[in-house]
Amino acid sequence: MKLLRAQTAGFCMGVDLALKKLAALIDAPAKDAPAKAIVTFGPIIHNPQVLEDYAAKGVGVVNDPAAIAPGTTVVIRAHGIPDPVRRAIADRGAEIVDATCPKVKKAQTLIQAQAKQGRTLLLFGEEDHPEVKGLLSYATAGAHVFGDMEELEKLDLPHGPTYFLAAQTTQDEQEFLRIRDYLRNRFGAGLTVLSTICNATMNRQQEAMDLAAAVDFLVVVGGRDSGNTRRLAQVARSAGTPSVHIETADELSPGMFTGYATIGLTAGASTPKKIIDRVQQVLESY
């Protein structure tokens, strides 16, 4: 059995930066000062194995500013948080360490600038995703969220307001382009389009498409709560390539690959290298 591993599999820049910031806090407490409690506001990334490792090191997770004690070090998750929540955390007397992905922060800034001009946001994203909740907080002139073209077509969008289009940073680029063309046809040149999908996401999705076309079966590794990982699995399904989405190598068995000569391996942006390496090791043993 031949194995092909995606070069883009594993941590993206934003995840890597966030985890390095958290690791620095754990490994280098202030000299001659009592250790401060360290918490993340929401899961710092969407990977249960990483979260378990940090929990074992004493890093807590909070989801409500009211639960934060004064003096606590609060690390903002890579997905970002709503602006009012950030202010509420500061009001609790916490020390804030911002680990928001730079690409997410740029999207927040771009959306805020458009909203200040009175434009209404049309956001392509998962309504319940933490990144989306954060982005919406900057759309102070109004917003509509939709997860796909079907949901968009059902929205009541009168021609009075001036709209602008943006996307969750990990959304599907090809679907976004279809949505852009549909909205331009509907609203004309008055529609402002923001480029907020991360380049790393686009590259990862393109490589997954190429890999799906070159293999008989594709293994996608990453947390089941990870939106970008789920979209990689969707790429394989759209290509008609048999696939499986797993979190760890423990979910594999030789019988899954009976009759397949070439296996592809890719992983989401929040999947640690050691987990991908272990999956590769197990696959190569079959």
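Here the Cβ of each residue, glycine as well, is placed from N, Cα and C on the backbone.
As given in Swiss-Prot:
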{"type": "BINDING", "residues": "Cys12, Cys101, Cys198", "note": "[4Fe-4S] cluster binding site"}
{"type": "BINDING", "residues": "His46, His79, His129, Thr169, Ser226, Asn228, Ser270", "note": "(2E)-4-hydroxy-3-methylbut-2-enyl diphosphate binding site"}
{"type": "BINDING", "residues": "His46, His79, His129, Ser226, Asn228, Ser270", "note": "isopentenyl diphosphate binding site"}
{"type": "BINDING", "residues": "His46, His79, His129, Ser226, Asn228, Ser270", "note": "dimethylallyl diphosphate binding site"}
{"type": "ACT_SITE", "residues": "Glu131", "note": "active site, proton donor"}
Here the Cα-Cα span from Asn228 ((2E)-4-hydroxy-3-methylbut-2-enyl diphosphate binding site) to Cys198 ([4Fe-4S] cluster binding site), rounded to a whole number of angstrom, reaches 11
State, in Å as a whole number, the widest CA to CA span among the dimethylallyl diphosphate-binding residues His46, His79, His129, Ser226, Asn228, Ser270 given in the record.
-> 15
Distance between His129 ((2E)-4-hydroxy-3-methylbut-2-enyl diphosphate binding site) and Cys198 ([4Fe-4S] cluster binding site) at the Cα atoms, whole Å?
-> 16
Comparing the Cα of Ser270 ((2E)-4-hydroxy-3-methylbut-2-enyl diphosphate binding site) with the Cα atoms of the recorded positions Cys12, Cys101, Glu131, Cys198, the shortest distance belongs to Cys12
If you count the other Cβ atoms within 10 Å of each Cβ, which of the binding-site residues Ser226, Asn228 comes out on top?
-> Asn228
What is the separation, in Å, between the Cα atoms of Thr169 ((2E)-4-hydroxy-3-methylbut-2-enyl diphosphate binding site) and Cys198 ([4Fe-4S] cluster binding site)?
-> 5
Could you round the CA separation between Glu131 (active site, proton donor) and Cys101 ([4Fe-4S] cluster binding site) to a whole angstrom and send it over?
-> 10
Distant-in-sequence Cβ neighbours of His46 ((2E)-4-hydroxy-3-methylbut-2-enyl diphosphate binding site), under 8 Å, six or more positions away | Gly222, Gly223, Asp225, Ser226, Gly227, Thr229, Gly268, Ser270
Tell me, how many other CB atoms lie within 10 A of the CB of Ser270 ((2E)-4-hydroxy-3-methylbut-2-enyl diphosphate binding site), whichever protein chain they belong to?
-> 31
Residues close to (2E)-4-hydroxy-3-methylbut-2-enyl diphosphate site centre defined by His46, His79, His129, Thr169, Ser226, Asn228, Ser270, Cβ within 8 Å = Ile45, Ala78, Glu131, Thr170, Asp225, Gly227, Thr229, Gly268, Ala269
For His79 ((2E)-4-hydroxy-3-methylbut-2-enyl diphosphate binding site), the spatially nearest of the binding-site residues Cys12, Cys101, Cys198, using Cα atoms, is Cys101
